[in-house]
Amino acid sequence: MWMAWCVAALSVVAVCGTSHETNTVLRVTKDVLSNAISGMLQQSDALHSALREVPLGVGDIPYNDFHVRGPPPVYTNGKKLDGIYQYGHIETNDNTAQLGGKYRYGEILESEGSIRDLRNSGYRSAENAYGGHRGLGRYRAAPVGRLHRRELQPGEIPPGVATGAVGPGGLLGTGGMLAADGILAGQGGLLGGGGLLGDGGLLGGGGVLGVLGEGGILSTVQGITGLRIVELTLPRVSVRLLPGVGVYLSLYTRVAINGKSLIGFLDIAVEVNITAKVRLTMDRTGYPRLVIERCDTLLGGIKVKLLRGLLPNLVDNLVNRVLADVLPDLLCPIVDVVLGLVNDQLGLVDSLIPLGILGSVQYTFSSLPLVTGEFLELDLNTLVGEAGGGLIDYPLGWPAVSPKPMPELPPMGDNTKSQLAMSANFLGSVLTLLQKQHALDLDITNGMFEELPPLTTATLGALIPKVFQQYPESCPLIIRIQVLNPPSVMLQKDKALVKVLATAEVMVSQPKDLETTICLIDVDTEFLASFSTEGDKLMIDAKLEKTSLNLRTSNVGNFDIGLMEVLVEKIFDLAFMPAMNAVLGSGVPLPKILNIDFSNADIDVLEDLLVLSA
């Protein structure tokens with residue numbers, strides 16, 4: 001148990017301590033992002049979560065202001081439009097009344113803020129209206145002599161006016177046309193109780209304007225209740241890349257909403273364009289993250305169906321205003337959910353992907369992704385690990401040269417939406433894993449491969465007479481091939497070479513399982529590699545190009561190694577190469593990200609670079 005814990009701890013240290021060197025680059029266009037987001041919306045329950053009742057209080061705080069920038073500044077003399085915060089404030093003086101507000105007929109708003117009621121009994125006589133109430137009223141006649149003139153003080157009424165129009169019998173006095181008992185203000189008059197504009201009249205309190213006033217349908221959002229989103233169509237997604245920032249996301253959808261109003265049930269259909277500015281960042285763990293900076297909803301094509309009654313146009317306006325307030329709080333969270341799914345997809349890149357039964361491949365981000373006007377570029381460091389062991393470092397042993405830096409990628413084609421570039425270093429790491437696991441080592445015996453000539457001392461003796469002299473009776477041979485150093489991968493324009501330096505030990509199998517070595521040969525081979533894709537894997541197929549032999553040791557004396565070139569080449573072509581291709585047959589896993597499909601990708605071999613375009 002202690003040993004297992006130590007191995008696990010060392011593996012973690014190895015992963016954390018590995019330098020972030022780019023050996024794989026992925027480029028995607030905005031279309032890939034759009035398709036990925038559309039697919040996630042279709043598969044997830046993000047839309048279903050929005051089908052709910054609008055909670056009370058939603059709409060008082062715009063999503064894109066209070067959730068991002070904080071509350072707006074407070075204006076001391078600014079009044080709220082119909083009691084709901086809007087972007088624009090109404091700048092008013094302190095002594096102005098509000099349309100449909102608190103003030104009723106017969107009331108005066110004093111300069112200090114109090115309300116004076118002119119309808120009580122104390123104002124029904126001329127005496128109270130002018131002289132008798134002089135001590136309480138704010139207006140008074142200016143005392144002045146016959147031959148003297150002076151300036152009027154604030155609040156004074158000229159004497160002629162005070163005793164004329166405002167006096168008893170005057171226009172505004174008791175009994176006058178405009179007095180409390182007159183045609184306009186008297187009981188039953190135009191402005192009186194029960195009159196056209198009076199309290200209880202058609203346009204007064206309780207009438208049409210009462211509906212519009214304090215507590216009326218237009219004073220608060222509560223004029224519409226029971227709002228519930230009942231249907232949300234699958235959004236049409238569009239993405240615009242913002243160089244150096246991230247993306248500008250747009251979700252166009254149709255929303256069906258039910259609700260109630262004072263004049264009937266509402267069926268609301270509205271077209272909504274949810275727009276969000278999204279910044280691409282990288283968190284502390286090294287994963288890229290898409291984060292909303294701002295979210296807005298643009299409404300259009302609002303249709304309201306209701307039992308037609310009073311003021312349908314005013315109800316339409318109210319619906320427009322209410323939806324503009326409440327929909328951001330309900331629909332912008334959908335963007336949060338979708339981006340969370342995209343971030344989860346980006347995190348899947350870091351998961352271990354099996355490389356057959358021998359090891360695994362892990363793609364990690366080596367730097368902050370690059371956003372241009374044409375594509376999003378993800379720099380990846382691909383780690384190849386042994387099954388239950390450590391990571392494969394490239395190069396390891398031979399060839400003892402430093403890995404080349406990641407070459408510059410070619411421009412993306414007009415019809416290319418995804419581009420994956422893999423360096424020769426990464427492909428070499430995959431072959432190194434096979435070498436370390438001894439997957440390339442092979443023992444070949446007589447009769448194992450029908451295509452080969454008989455592997456006996458008689459066959460070898462025909463080439464090397466000293467073998468026939470030493471083994472006059474035919475004995476079976478064993479050809480033991482070992483790859484002691486990691487293979488190397490060389491990528492050139494339209495050509496990929498895999499170099500394998502192996503040893504071939506020729507042994508005689510004798511009775512009682514005795515094995516005697518005849519010679520040890522260094523075999524320097526070159527294979528032409530071809531690439532294809534199958535599902536989410538890169539397939540590699542090798543074909544023998546040439547072999548070069550060098551005699552290292554011999555127990556039958558020196559001989560011309562060139563005599564064995566034909567036989568050894570056949571052994572590597574008909575036995576070693578199929579065995580190596582069988583091991584490579586499991587394929588190299590490609591990064592699983594954003595639902596990119598490379599199954600029909602075009603593959604180009606460039607200098608030190610393998611490029612897949614889909």
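Placement of Cβ uses the backbone N, Cα and C atoms for every residue, glycine included.
A disulfide bond in Swiss-Prot ties CYS295 to one cysteine from CYS332, CYS475, and that cysteine is CYS332. Here the C-alpha separation of CYS295 (disulfide bond) and ASN273 (N-linked glycosylation site) works out to 11 Å. Separation of the C-alpha atoms of ASN273 (N-linked glycosylation site) and CYS332 (disulfide bond): 10 Å, rounded to the nearest whole number.
Neighbour count (other Cβ atoms within 10 Å of the Cβ, all protein chains): 17 for ASN273 (N-linked glycosylation site). Under DSSP, CYS295 (disulfide bond) is assigned to a strand (E or B) in the three-state scheme.
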